[in-house]
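Here's what TrEMBL has on this protein:
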type	residues	note
SIGNAL	1-45	signal peptide
DOMAIN	50-149	domain 'Cadherin'
DOMAIN	173-258	domain 'Cadherin'
DOMAIN	259-366	domain 'Cadherin'
DOMAIN	367-471	domain 'Cadherin'
DOMAIN	472-581	domain 'Cadherin'
DOMAIN	597-694	domain 'Cadherin'
TRANSMEM	714-737	transmembrane segment
Amino acid sequence: MPRQDLLMEISQQVFEMVITPEDRLGSRCLLLLVLLLPAWEAGSGQIHYSVPEEVKHGTFVGRIAQDLGLELAELVPRLFRVASKGRGDLLEVNLQNGILFVNSRIDREELCGRSAECSIHLEVIVDRPLQVFHVEVEVKDINDNPPVFPVKDQRISIYESRLPDSLFPLEGATDADIGSNSILTYKLSSNEYFALDVKTNSDDSTQIGLVLRKSLDREKAPEHNLFLMATDEGKPELTGTVQLLVIVLDVNDNAPSFGQSEYEVKIFENSDNGTIVIRLNASDRDEGVNGEVSYSFNSLVPPIVSDQFRIDPQTGEIVIKGNIDFEKVNLYKIRIDATDKGHPPLAGHCTVLVKILDENDNVPQIALTSLSLPVREDAQFGTVIALLSVSDLDSDANGRVTCFLTPDVPFKLVSTFKNYYSLVLDSALDRESVANYELVVTARDGGSPPLSATVSVSVDVSDVNDNAPTFAQPEYTVFVKENNPPGCHIFTVSARDADAQENALVSYSLVERRVGERALSSYVSVHAESGKVYALQPLDHEELELLQFQVSARDAGVPPLGSNVTLQVFVLDENDNAPALLPPGPGGGAGVVSQLVARSVGTGHVVAKVRAVDADSGYNAWLSYELQAAAGAARSPFRVGLYTGEISTTRALDEADAPRQRLLVLVKDHGEPALTATATVLLSLEDSGQAPKASSRASAGVAGTGTALVDVNVYLIIAICAVSSLFVLTLLLYTALREALTTQLIQDVTNILNAMYYIEKMF
């Protein structure tokens, strides 16, 4: 390498060390540079120095006096001075030490512009003798100027329709430095749309531009802010930046668009005309007329929509213009077009679903689809009586129908399917209690207020033979006078059957049994239809006082049912038996009484007794006695007891009385008409001394017997009177209250009558 080049390289390295901010050893480097350069200049015949630009005041440049061979002591005497052509006082020499130093700021770009070489030529003049020296001080460039763009920001307008790879020129940056300090590289801020294109021309100039990498969309990004940075190759690197504002110009490439592809609106049916359903808003990302939107129904919208709705072209309001009925149409699907005014026009679309909300404006409907009538009263629980269905044209709660029965009845509604019901039997039926039910089925919806409908169902209950004929009483007492004519009607039994038709047809019959040696049917009969009971032959109280038998009542049902009633037929006594005289003793004839009477007996002495009985009973058997006076005879000293039949003296007997007395005693019952019998009493009067003891005993016996008979007759009379009084009173009460008495009361009266009868018979 030539010596000159080697020195230049060393000086350059020293210079770089001087301007490095981190290195503060500049003075030593400059000293080395000053020592090397004069040696090189001495060989070339001219002193050459170099100094970096922008160094500080006082910076050492070179030992100019020493390099020129001048002594320091002679600098002042010889008028040492430095002259520079038009450079002013950039450099100065210290006359004390002969050092050339920087006196003021040196700007290479100001001195030399973009010239590759920049030097300051100095003329050093000394007198005594006059000498002129030429000194060249080279000003070295440092990287003190960043790249500079001609404007702060560059605006580039690009249509969004430009295709990728399109190139858009840019203004590059300039750098006032030279050499590597002025060599620029460009870098574009990161983005997805643009890339930087850098080309070097034949004249080594650089041409830059933006290359479109991806299609633009003004609606997404109407402008793009980019930064272009230019960096030189100096050390340290300096940069310059310019803002690139890419404005994307609109073309009609966007159709109007709605916020949603489908809108859902709910309105109530029967809404007034003019009611706003929805206000649509379509946006067009284009500008100007390209973004002006008008609204209309799509051409495919059916007439049912256009008849019910209209749309305002400017505001996008859809309003009602017809009658909205949920039951006819509950959903409208409306296709809407939004068209801009670009060339050609573009259109956006959406669908509006108008759901009609139901109002409770329809009453439920009830339909009876099947009836199974009448219903047997023995039908099982759950038997289906009728099928019915309900419907309501409304929906949701307004169309949700519930059914119920009013009033409470032995039926219920069972839901078999949605809105289908079965009317079924819920409890036992009894036709005899209720033969017909008027059911009211109510269907009520869940609207507010609820609407309801009713339908009436008449349910007839058909009869089954579940009731046996029943009598009003389990037992009847019948009183029949004896000696009745054959075939006379003595009583009528009546049984009631709560069933209907043939199940209620009752027939009567006797429950056959033996009465003594004879069959019951020989005494009585009963008419099968009327229930009348007839006596087939005359009844004799003395033979049969009570005839007790049962009558059966049976209906005509299948199977037939029946029940029995007991009849107690009391045969009432008739006065058909005359009193019968009893013999006075063993061997005595009936109707004749013979008795010995002492003349000494006193007044009231019972001397004989007439005894008689009557086969009848009651009053008919109540006997009375009376003494019949003989025609033309004197007054008898005897009398007879009215009810006792005892013959007693009415006075003391005397000699005038005939020794033989014949008395006629008439015995009479109380029947109607009364029947009588006559007893003859023969009395023989004897003196007291002649009366045998036997006669006395007989008298005593007669007296004792008479006393007993008197007691019996008294009791009989009392009993007959009491029983007769009770009997008459009972008959009167029975007759007056017969219609109002209950079954139990009638039975009680019957029992009383029976008791009275037996009391009478006992006596």
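The count begins at 1 with the first shown residue.
Including glycine, each Cβ sits where the backbone N, Cα and C put it.
Heads up, TrEMBL stuff is auto-annotated, nobody curated it.
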Among the recorded stretches 50-149, 367-471, 472-581, 597-694, which has the greatest number of Cβ pairs closer than 8 Å to the domain 'Cadherin' (173-258)?
50-149
Answer yes if the domain 'Cadherin' (472-581) and the domain 'Cadherin' (259-366) have at least three CB pairs under 8 Å among residue pairs 6 or more apart in sequence, and no otherwise.
no
Suppose you look only at the domain 'Cadherin' (50-149); what would the mean pLDDT be?
88
By DSSP, what is the split of the domain 'Cadherin' (50-149) into helix, strand and coil residues?
12 helix, 37 strand, 51 coil
